[in-house]
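Asks: Take a look at this one; I'll ask things after.
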Amino acid sequence: MDLLFLGSSSFPIPFINALHESSHRLLAVITRPDRPSGRGLEVRPSAVKKFCQEKGISLLQPSSVNEKNFLGYLVSLRPDLLVVVAYGEILRPELLAIPPRGSVNVHASLLPKYRGPSPIETAIMEGEARTGITTMLITPALDEGDIFLQREVEILSHETAGDLYEKLMQIGPPLLLETVEGIAQGTLVPVPQDHSQATYTAKITPQMANIDWQQEARRIHDLIRALNPRPGARTALRGNIIKIWGSQVIGQDKYATKGPAEPGSVVGTSSPEGLIVATGEDFLRITELQPVGRKRMRGEDFIRGYHVQVGDRFEKTPLKLDMPVVKDLCYPPREK
């Protein structure tokens, strides 16, 4: 079959490569225009663009894939099937009607659960033990199309969004190839979703990254995992923003304090227990964290370097997250 592929960011690259190396013909890859990025706001080619240039794959970068003249050009290419992976623009019915075999989307969840833009992060936030990849027909409604195929993966209790992303990259491209081949041979019949079981995700915002220490330790641990490697769960100590990258849950029956502890307060700093923080229920051991403007460090190094003491308290970050960075989190030197 002759295929058109729509995708942006780095997520679609393994899928593009799988189709490029298959027996099907990849007419072109459509990706978003280059945009300014980095501190200098330089216009740089996207990961998809660089990959296609390296592989010699035809690349198109319209300002909008739904623009009338561009749709006319796509009609002239006469694609059999449209494949979409993380493109980031709503596709109009006029575009979806171009390929006679329809349009296929790859979604990083087991639909109908976790429709929307952040299925990987949200599955971890919600403490799911399993998730997966779905291939589906694209319809005008968000992630509501009939399902072709699904594959499951296990989410381990310590795995981050980055870890889960890598797992899904192992199963996603082969699943897409199986879907495309089934469509080509006419052996794959899509099955309607059970819309009564649908759940939805939202775009990850800075406010979502703000740790609420009143929550139970398990929920906070899942938030930390879900926002690693981007954008990082945030908290504040002595008015300065700290990103937390790693944690472990400690049950109340496994850790004793001298008395009631306020959520967010440090209750342990000695070796080998490390940095222990009270939450709304149970305790959290902070294994890796990062003061803004500094490198990541282990909890033990943070204790020593910043003179963290029992009774110190982590709090929600200020609403204005771009506040100036205070260079020293340390207390004034102790009197000898």
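Sequential numbering from 1, following the chain as shown.
Backbone N, Cα and C atoms are what each Cβ position is placed from, and that goes for glycine too.
Note that the coordinates shown come from a computational prediction; the quantities given were computed from them, not determined experimentally.
Sharing the record's features from TrEMBL:
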DOMAIN    4-179  domain 'Formyl transferase N-terminal'
BINDING   SER109, LEU110, LEU111, PRO112  (6S)-5,6,7,8-tetrahydrofolate binding site
DOMAIN    203-306  domain 'Formyl transferase C-terminal'
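Walk me through the surroundings of each of these features.
Replies: In the three-state DSSP reading, PRO112 ((6S)-5,6,7,8-tetrahydrofolate binding site) counts as coil. Sequence-distant neighbours of PRO112 ((6S)-5,6,7,8-tetrahydrofolate binding site) (same chain, six or more apart, CB under 8 Å from its CB) are ASP143, GLU144, GLN193, ASP194, HIS195, GLN197, ALA198, THR199, listed in sequence order.
Per-residue confidence over the domain 'Formyl transferase C-terminal' (203-306) averages 94 (mean pLDDT, predicted model).
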Asks: Of all the binding-site residues given, LEU110, LEU111, which residue's CB has the most CB neighbours within 10 A?
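Replies: Result for the most crowded candidate: LEU111.
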Asks: List the residues of the same chain that sit at least 6 positions away from SER109 ((6S)-5,6,7,8-tetrahydrofolate binding site) in sequence and have their Cβ under 8 Å from its Cβ, in sequence order, or write 'none'.
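Replies: Within the chain, SER109 ((6S)-5,6,7,8-tetrahydrofolate binding site) has Cβ neighbours under 8 Å at ARG115, PRO119, ILE120, ALA123, THR131, GLY132, ILE133, THR134.
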Asks: Using DSSP, tally how many residues of the domain 'Formyl transferase C-terminal' (203-306) sit in helix, strand and coil.
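Replies: Split by secondary structure, the domain 'Formyl transferase C-terminal' (203-306) comes out as 24 helix, 38 strand, 42 coil.
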